[in-house]
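Quick notes on the structure that follows.
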């Protein structure tokens, strides 16, 4: 079981709500994925008209909502967005995202730590998106974040675990849950992350933009489960030499 | 469905029988893996005493047997072993393995092609283990092999798809099934191979030597399914830049 | 020419002074490397006894000194060390290093930015060692750092450019010099960094611990030059398909 | 010194003659590269009219010629081409190339071994282009080849040492010179190959198609020298943890 802030989840696959063709398509894909924790941007909520193509399908699914601060470029903007989200959605869970750069959407370590500290004080359950920086992750943990969400690669790039070597260090050092966020573009990436011992992965683009989001949701569900099972069962060590899996000698003499 | 020599298989995970702690452990792990095609070395069969710790569990599972010629160092030895296997097991299916080198167990391209040609003439269904050599794979196909089994990395090394770039070419060119054999040490490797469009993978060591072979068998089953599903659904392209999965602009203005 | 803070250097290879067997060995290796900028830890300077196995050989070489704050765990410690170094060595150039973690020696982004801001105000030429974090590098540039020194891999690990994909973004975005620091364990790593367009590399361990530091110093000199020359001349693009370098068709018909 | 067939070469950089803009450009680039062994396709030689834009510049450079059989698709064609080349150029040195596939130009292991055996019998010094297949390389050595030339990646692809793990095994096992041929697209690739202990590299496309072939020729010269020097001096081992190159503790207490 994945545990974040004393809440347990059967699924280690966290998903997003962006880029789906429709609310219906999103609902079907997320259902197939087995996800129990779903992030959504504040902007997606049509608060004014109270008609929502995103929120209703999620509520039907019964998943926990994880509003995010995507679009915020400073700690101040993120804190403001977080308060709005809490009010609008009635949850103090928050995915903290601050990325001043529009091209690669990479997170700002300084503003993220500053906002995290403030939001923890205000009673939020803070899950910050951050670079795969082991020292920063320790500091985010120290100010009270409920998990850390280091990136594998830029958001939406589908490039996999470019930051693998640093993620290994984060997993080794972290006492809160480690969730790989961004860059996971294929089930094999998700399985690899889980095999390394991360606690969960967040996948959005790879499911949402697939020609068949339902099938892809199911594929990620299986891959996350496969990777976690392998991590728990114990993987073999990597060898330079071969090791025979079939007996090699004397088969002719034997007969 | 995986089709080899007009025979259909629901599972795309082919397994081996080496290195398991016991026949019972093997049976449980293979059952969990969902495999329907299992390779075994001739030597494993206790033909003299007709007491067999390998054969009986496999027959109970109802899987198709794929005897191999592991231990053969020349075409001549492999052909001899193949005939014995056909007689002993009553099947003309054969995994052809010829590796003169004892350290890395890498296959001999010359002897393998020579033996394949002879065995096809003698009515065998030949699945040759070979290097990830696109030209060799075409030639094995031309002499009538039912599939090709290029390696990802040395047998038992758990090193994954070291030969990935060459496997891509083989998948692109091949008209028979492509089965990645050797080197697959983790579910993520198997998923990656399937995402590339290979038809099946063969896994032995990674399951057999796991502290929990049953769990690992199940993990590989899921990973192969996940990878195949993703291949069929269509993976997103890899981007250099980020692509926002959450809306980026104006969330403050919106409210 | 490499330009940092209006100072020009013919060599793009920056070196360190740690781990050498002796001051003589260091001097010979650095001389062979052609380096013109050399970092040294404050601790190495025997200020009390004014007998120095490090400083004298460097002064004989005529290189510019780049004192570093290695050992500092906070901005405060780093600033204190920087002031001492300036007084002791009569230079306002400074390699800013703050790494609270003793195992991987990874830099602290928060403290590093804080110290950088202060030291720039005090008139230092600040070159900060930092993670390969594009947003952090922009912020370090904004507070007035003369260059940024993102890491390739943990110090002394010899693992090469693990952070390559992020270094590419830093090079693309940076307006100050980008110097890859830490992780460069072989001349090929240095050449690769230079081919990517970084302005300089810092190498210490790989030269100092080689059985033949003089030869290794020379090898890095050549590799840095090779990589820079290739960057300036323009590398070919990477192709999926082959492209014939010899004519392929009709050679028999020709005759 | 590189030794092939009892002939010594100061340079470990072998080059080709294809794709240059002109004979003059080729001559200048090869001169800058320091190469002493240059391969050329039979077709390039205008045997009929005895006017040659390729041969004259090479003869002026004083390099040894290494005619190749590029374009041959079978052993028979290659043997025929080899005999013509020997007669036309007065050398029994031969780069054996047989690639039936026009897209990736990958070598045929079966035909290459067959032709090699025949050509050795006819007194040729045979250097075969082949896949990075350790068993094939052993067999080519056994039939008397003077060196083996395994590929790093498809010809002209500039993709580097995709086959690195298999090249390592070839270097470990081979008693004749190992020359990495094809795929080397940047000086860092050449340096990496030399650091691994290969005896020489062949570079053509990367120099010939550069906007500045002379500079690129010089860059490869330096990179090959750097890699070889590092191999001979001894590289440090790769570490997971960091190792401090500057002293870490107590710098404040010291003062």
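Glycine residues also receive a Cβ, built from the backbone N, Cα and C atoms like all the rest.
Binding of 1-deoxy-D-xylulose 5-phosphate is attributed by TrEMBL to B:182, B:183, B:204, B:205, and the same site annotation extends, among B:156, B:217, B:227, to B:156. Counting in whole angstrom, residue B:205 (1-deoxy-D-xylulose 5-phosphate binding site) lies 17 from residue B:95 (active site, schiff-base intermediate with DXP) by their C-alpha atoms. Counted over every protein chain shown, other Cβ atoms within 10 Å are most numerous around B:183 among the binding-site residues B:156, B:183.
Model confidence over the domain 'Thiazole synthase ThiG' (B:4-247) stands at 92, taken as the mean pLDDT rounded to a whole number. Other Cβ atoms within 10 Å of the Cβ of residue B:205 (1-deoxy-D-xylulose 5-phosphate binding site) number 24 in total over all chains. The DSSP secondary structure for residue B:182 (1-deoxy-D-xylulose 5-phosphate binding site) is coil. The record assigns B:156, B:182, B:183, B:204, B:205 to the 1-deoxy-D-xylulose 5-phosphate binding site, and the maximum Cα to Cα distance across that set is 9 Å. In sequence order, B:39, B:66, B:67, B:68, B:69, B:127, B:128, B:129, B:149 make up the list of same-chain residues 6 or more apart from residue B:95 (active site, schiff-base intermediate with DXP) whose Cβ falls under 8 Å from its Cβ. The candidate set comprises the binding-site residues B:182, B:204. Of these, B:182 has the most other Cβ atoms within 10 Å.
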